[in-house]
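Take a look at the structure below.
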Amino acid sequence: MKLFGTSGIRMKNLDPLIAYKVGFAISKNFKKAVIGRDTRTTGNLIESAITAGLLNGGCDVTTIGMVPTPVLGYSARDYDLGIMITASHNPPEYNGIKLFNKNGTAFDPKQEEKLEKIIANDDFNEGTWDNIGCASEDKTAVKKYSEYILQNVDIKTNFNVVVDCANAAGCVVSPNIFTEAGCKVISVNSHCDGRFVGRMPEPNETNLKETVDIIKGLNSNGRNYIGIAHDGDADRMIAIDELGRVTDFDKLLAAFCKYVVQKTGADKIVTTVDASMAIDEYLDEFGAKVIRTKIGDVAVAEELEKTGAIFGGEPSGTWIHRDIHLTPDGILSGLRVLEMMEFYGKKLCDIIDEVPSYYNMREKIACPDNLKQKVMDYISKEGKKIFEKEPETLDGVRFSFEKGWMLIRPSGTESYVRVRVEAKDEDFAEKLMENGISMVKTGISEN
């Protein structure tokens with residue numbers, strides 16, 4: 001059974017035996033590990049199991065308790081690797097394991113494949129009494145992380161901020177760090193509860209309805225509150241503007257990319273193949289290059305290291321600030337949105353409204369997993385004939401045009417092929433989507 005997916009191990013009712021085996025496999029090549037966990041009810045169970053495997057294999061283990069992923073990623077610099085027990089935005093019955101290198105980057109597919117081979121081939125009975133690792137606890141991780149982040153943000157304005165932590169790991173950091181940064185903070189869903197009683201951890205418009213209503217109520221008297229909302233492990237964030245609008249992920253990313261280039265003079269930024277062409281349009285004005293990479297924080301971090309770009313972000317709200325660290329950080333990202341507002345001297349709603357609006361369409365077509373590659377091969381060849389141009393095949397199949405683009409990509413976690421279209425006019429968007437759906441369905445039927 002394949003364990004690692006697009007973001008570590010993540011599954012419903014994660015078996016502690018799997019966690020034990022992962023820990024034991026890690027101990028083959030690493031001798032000093034740090035472990036953090038989010039608020040899920042199975043967190044202690046999975047932490048204990050993976051710790052047992054590590055100790056049995058002779059790896060020393062330090063636990064730092066309930067923390068967001070950015071805290072774990074920052075802490076990893078003092079160890080051989082970091083282990084985060086989280087299922088991110090998934091419902092409470094899920095849990096997972098995500099591994100981080102010493103530099104804060106998540107394990108890449110080659111590293112995960114190496115672990116999978118060890119797990120598949122090992123008997124897990126090699127531990128002996130004279131080669132057991134040492135276990136310890138560090139209660140200072142949150143303090144160290146918070147101090148480091150606050151040293152590297154510069155906010156002089158006393159912003160009004162509603163922080164929504166989803167009863168998840170962000171609770172132990174975000175309300176305090178925004179307060180220490182000088183903000184007037186109202187915290188929502190800010191007590192830790194692995195059942196996510198306030199809202200589900202995916203920070204989307206549906207789940208954030210109550211938080212939006214709170215902000216609208218506060219701002220009815222001209223208070224100008226904005227919202228910062230996290231997912232289950234706070235490696236992501238989304239903002240809610242003063243009008244109570246959950247900001248479009250693409251628009252917020254485009255606005256922030258422009259800010260980074262204007263403030264720092266950066267000549268390039270990194271984003272993914274599914275990000276809006278508004279980024280290209282914005283940065284072209286400043287002569288900055290947009291480097292696109294595969295979807296996922298691993299690919300973004302790798303490209304940041306390779307190119308020396310200062311910032312990389314995905315339209316999912318996963319942003320990496322290389323000048324601070326290489327772990328996706330929704331807490332730092334929220335603070336830097338405030339820096340952006342201060343830099344421009346504008347409300348967030350006005351900054352967002354300046355970003356070009358395009359027509360976006362998304363569809364998903366059911367496709368058996370064993371046909372996905374054949375379907376993508378068909379789309380690549382057929383699309384070349386239809387559009388009379390070479391496709392981009394970095395991640396899925398993408399066709400770019402002057403007026404828009406289309407990305408067709410197989411889901412890494414579900415039996416679907418997804419079609420994403422963005423265009424400057426509605427007719428062109430609909431035409432692209434029709435072609436995309438037709439190619440996917442034909443590719444399935446002919447294979």
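Using N, Cα and C of the backbone, Cβ positions are placed for all residues, glycine too.
Residues or ranges marked as active site, phosphoserine intermediate by Swiss-Prot on the basis of sequence analysis: Ser88. Note on Ser88 (active site, phosphoserine intermediate): other Cβ atoms within 10 Å of its Cβ, all shown chains, come to 24.
Long-range Cβ contacts of Asp233 (Mg(2+) binding site) within its own chain (separation 6+, distance under 8 Å): Asp38, Pro68, Thr69, Met84, Thr86, Ser88, Ala168, Ala169, Gly170. Positions annotated as Mg(2+) binding site by Swiss-Prot, on the basis of sequence analysis: Ser88, Asp231, Asp233, Asp235.
As annotated by Swiss-Prot, phosphoserine applies to Ser88.
The Mg(2+) site is defined by Ser88, Asp231, Asp233, Asp235, and by the 8 Å test on Cβ atoms against their centroid, the other residues of the chain that qualify are Asp38, Pro68, Thr69, Thr86, His89, Ala168, Ala169, Pro201, His230, Gly232, Ala234, Arg236, Pro328, Gly330. If you take the C-beta of Asp235 (Mg(2+) binding site) and look for same-chain residues 6 or more apart in sequence within under 8 angstroms, you find Pro68, Thr69, Pro70, Ser88, Asp297, Thr318, Thr327, Pro328, Asp329, Gly330.
In the three-state DSSP scheme, Asp235 (Mg(2+) binding site) falls into the coil class.
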